[in-house]
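J.: First the structure, which I've put down as structure tokens, then a few questions once you've had a look.
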Amino acid sequence: MAPAPSVAAVRVAVRRALAGLPADGPVLVACSGGADSLALAVATAFVTARLGRSAGLVTVDHGLQAGSVERAAAVAEWAGRVGFDPAEAVPVTVAGRPGGPEAAARQARYQALTDAARRHRAVAVLLGHTRDDQAETVLLALARGAGPRGLAGMPTRREVAGVPLLRPLLDVTREQTRDACAALGLVPWQDPHNTDPSYARARVRADALPALVAALGLGVRDNLARTARLLAADTAALDDLAAAALATPRAGSDGSASDASAPDGSTFDGSALDGSALDGSALDGSALDGSALDGSARGGPARDGSAPDGSGVRAGGGLSVAALAGLPGAVRGRVLHAWARELGATPGALSHRHVDALDALVTAWRGQGPTALPGGRRVGRRDGRLLPVD
């Protein structure tokens, strides 16, 4: 007997996600017991059994609700019964972590999942985010004024602490995961946080997105998710160019380059970076699937990420102002963001405002003093270079 269409859709999504993974270790499913992760878990059990792969399941107890210990234990017990090995509940402490409650819980959860993956030598962790979650993420990013990286939403693949995190269900709807659970006789846990109006995502889910659907039609969710996919590809291409520019030393650089600003102190191009390409997240490009663009024909960086004259941006322990000025603003912003991370800038606190200030040392140089980065480092301009100031 053929499975219900919703069950088949989730299984197909899981099979596609597993296709490129090494076979020398288990995959772990992160499962809260809610409909999305429960549908993901049962589909993973089905697919891995037929592929001859091993699969485990981890449920994280955030300790934020009464009965959370019992709920986590019940999920782990169910997982063991259906064949997951390992099947474990992991308690975490959320209090005292930086950021708001949602960010703190997410940080604790990912740490627990990556620790479990290393402990069991898992090749990847599967997460149950759906297309609806992606649409909500894009709306939240719009509301906070995020740039393309934020509007690209959640990536299908991302590495955290060296562990691949995969989201197989980003093309599957929440309705499909609920239908899949119903078709298989599974009763999902209803997380009260999902309807708690004190959480921004819960308000988007209950009010904002339904209002958009009512005003603009049923295609809103799909189109928001499609926008994320398109921006992810563009962002990946720009990330590739920025990474290549940082990886390529400036030809013949000995740290003695002359200052590239005009004698009257005018800017290189009269423009300042608006920061729209950044949202404060780390630059690693690992989660995105776009390819590099060849900007050389329009005066941008070549495919290898170098400046138009064939050189990179690193020079004498810092970055060449002339090479940075020759990069398109979107690439330059990413270079500066990544370099600030190299210097030890605190990831969660590094924002577009810090990148704007670094960019002003290149494009709006007026002899201003060093720029302070979160984490305590400062960057100044000297002898045609941006340099860390001790």
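Using N, Cα and C of the backbone, Cβ positions are placed for all residues, glycine too.
Model, not experiment: these values are computed from the prediction.
What TrEMBL records for this protein is below:
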| type | residues | note |
| --- | --- | --- |
| BINDING | S32, G33, G34, A35, D36, S37 | ATP binding site |
| COMPBIAS | 249-266 | compositional bias 'Low complexity' |
| COMPBIAS | 381-390 | compositional bias 'Basic and acidic residues' |
| DOMAIN | 27-206 | domain 'tRNA(Ile)-lysidine/2-thiocytidine synthase N-terminal' |
| DOMAIN | 319-386 | domain 'tRNA(Ile)-lysidine synthase substrate-binding' |
| REGION | 249-273 | region 'Disordered' |
| REGION | 289-313 | region 'Disordered' |
| REGION | 370-390 | region 'Disordered' |
J.: What residue among the binding-site residues S32, S37 has the most other CB atoms lying within 10 A of its CB?
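T.: Its Cβ has the most other Cβ atoms within 10 Å: S37.
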J.: Please report the number of other Cβ atoms within 10 Å of the Cβ of G33 (ATP binding site).
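T.: Result for G33 (ATP binding site): 21 neighbouring Cβ atoms inside 10 Å.
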J.: Take the compositional bias 'Basic and acidic residues' (381-390) and count its residues per DSSP category (helix H/G/I, strand E/B, coil), listing them in that order.
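T.: Across the compositional bias 'Basic and acidic residues' (381-390), the residues distribute as 0 helix, 7 strand, 3 coil.
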J.: For D36 (ATP binding site), just count the other CB atoms lying within 10 A of its CB, please.
T.: 26
J.: Across the domain 'tRNA(Ile)-lysidine/2-thiocytidine synthase N-terminal' (27-206), what does the mean pLDDT come to, as a whole number?
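T.: The answer is 94, the mean pLDDT of the model over that range.
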J.: Using a 10 Å radius around its CB, how many other CB atoms surround G34 (ATP binding site)?
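T.: Taking every protein chain into account, the count is 20.
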J.: Quick check: with S32, G33, G34, A35, D36, S37 left out, which same-chain residues have Cβ atoms within 8 Å of the centroid of the ATP site Cβ atoms?
T.: C31, L38, A39, L40, G128, T177, P188, W189, D191
